[in-house]
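Just below is one structure, and these are the notes that go with it.
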Amino acid sequence: MIHLLFTVIGAEMVLIVLLLFKTPLRKLVIMGLDRVKRGRGPIMVKTVAGTVFLVLVSSVYSMMNIQERSVEGGIVNPTDQVLMAKHLLEASIMGFCLFLAWMTDRLHHYIRELRLLRKSMEAVKKQSRGFDDAKNGASEEAKAKEEELASLKAKVKKLESDFETKKKDVKAAEANAEALRKQSEGFLLEYDRLLEDNQNLREQLQSLDRGLSLSDSKKNP
């Protein structure tokens, strides 16, 4: 399961990187995400996310039970240590996986809004150019068009302000994605360390089992 989760995290990181940079693949990724968000796609995504969240809660509950057993017994069991490390790693990876999925959804949403704002700005600018060309007409019509032009310019300023706001949000999301990429590298290093600790604990557990077996054989010749 851990290997599957790391594969999902890797795929999510690739999606985030493709969304951050303007490449031909970015358009394909956006089109794919648009299709996923249509029809039954959102229901399936929410179902998978809910399942992962329930497994995350289960891992946290198992860690709490192991912690309670250790506190009540007063003795640290190597097997419980191995299980504790396994549940902790799984919970961390699942939480990170859900967070990356949320980041991907937000990036896709902001990029779509930026595209709509750009299209609106271009349409308004074309209309304003048309009104500028028509200013040489009749005086009454020119006054009415000047008023409409002023209104359109105000809309352009508002759209530009909204565009800058969304642009800042996208930059913040890109910075968060970069920080998450660095954090994922730390998780991979931690995963390697936990695997090494897990192997050491298994070897210690096997040596304890062999010692107990020898002691039992000596007591019962």
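Heads up, the Cβ atoms here are built off N, Cα and C, so glycines get one too.
All TrEMBL annotations are machine predictions without curation.
What TrEMBL records for 6-22 (among others) is transmembrane segment.
Sequence annotations record features per position, and here TrEMBL assigns transmembrane segment to 43-64 (among others).
Here TrEMBL flags 84-103 (among others) as transmembrane segment. Within its own chain, the transmembrane segment (84-103) has Cβ neighbours under 8 Å at 1-2, 5-6, 8-9, 12-13, 16, 45, 49, 52-53, 55-56, 59-60, 62-63, 66-67, 173, 176-177, 180, 183-184, 187, 190-191, 194, 197-198, 201, counting only residues six or more beyond its boundaries.
Positions annotated as coiled coil by TrEMBL: 107-211. If you average pLDDT over the coiled coil (107-211) in this model, you get 79.
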